[in-house]
Every structure is written in structure tokens, then in C-alpha cells.
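Novice: Sharing a structure with you now.
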Amino acid sequence: MTVIGIDPGSRHFGYGIVDAKQMKLIHANTINLSHDISLPYRLKSIYEILLSMVEKYSPDEMAVEKIFVGKKITSSFVLGYARAIAFLVAAQKEIPVYEYSSTEIKKALTGYGRAHKVQVKSMVYNFLHIDKKISYDCADALAVAICHINSKTNFM
């Protein structure tokens, strides 16, 4: 089984594909888009790239980080648009989608739901035996995938 993890964002959209059986990194990247590009065109780019990755790697399941609504409500709405793109791609390819909160993800990887980004990234490197540098957005996406794999393993 392969899982694609998604760390949604309209400017930095992380995704990572993991082989659940071998707990091995298949592919990960960050879609980096300029703030100068209007939102509809950033979303279009995310859609096209994510769709091509899903078509290329055929993940069995998708795991997406839930939205945390903070002080900037507008940012949460924009984040919601990026999540909607991931959901659309999943629906088009009939891939089941699972959602996890930031706290759930951190707890699954570090044992502590309020862990710092550096700790989460370090655990992603350890779980997947990564020897190359990856962005925080990639690490977060891979963390969502690992969280999902762990949740399925613990309940099977």
C-alpha cells in the first residue's frame, strides 16, 4: 500500500508518497509558488502537479493535515482552497482521504502532541531513513503519511 501525505498551502504545498509496507520514501516535493501569481493560477498549478504525481505514482490512500483556524481567518480560507484541490484530485482518482490534526500527527511521530517542527522533521528522517535534505513542507507531508500508516497499523 502507498500513501500520499499532503501539507496544503497556496504558496508552499508539500506532498510525499510513502510505501507503507516497507516504510520507505518513494517521492516527495514541495510545490513553491510566487505570491505574485494570483490565487486561481496558484491553485491551478497545484492541481496540475498533484494530479500528475497521483497519476504517476498511483497512491492507494491520501492523508491530509486538517486546518487549524488561528487569528487570521482569511489564511484559513486560502488554506481550505488548497485542501480542496487535494480532495478533488483524490475524488477524481477514487482515492480515499483521511484527515489528521497537527496534534495527532506530532503525537504519532514524536509521542508529544506539541512537538516542534524540528523534532517532527527529525523523526521523519528516522522513520523513512532519508539521507537527503528535504523542506519542512515535504517533512510535514511525509509526517501526515506516517501518521496515517501508524494509525492503520495500530488498528489492524
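Please read every residue number as a count from 1 along the shown chain.
A Cβ is built for glycine as well, from the same backbone N, Cα and C atoms used for every other residue.
Here the structure is a predicted model, which means the values were calculated and not measured.
According to Swiss-Prot, the protein has these features:
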ACT_SITE  Asp7  active site
ACT_SITE  Glu65  active site
ACT_SITE  Asp137  active site
BINDING   Asp7, Asp137  Mg(2+) 1 binding site
BINDING   Glu65  Mg(2+) 2 binding site
Novice: Please list, in sequence order, the residues in the chain of Glu65 (active site) that are at least six apart in sequence and whose C-beta is under 8 Å away from its C-beta.
Specialist: Ile6, Asp7, Pro8, Glu99, Tyr100, Ser101, Ser102, Ile105, Asp140, Val144
Novice: Might you list, by sequence position, any residue in that chain lying six or more from Asp137 (active site) with a Cβ less than 8 Å away from its Cβ?
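Specialist: Asp7, Gly9, His12, Phe13, Gly14, Thr30 - these are the non-local Cβ neighbours of Asp137 (active site), listed in sequence order.
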Novice: Going by DSSP, is Asp137 (active site) part of a helix, a strand, or coil?
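Specialist: Looking at the DSSP assignment, Asp137 (active site) belongs to a helix.
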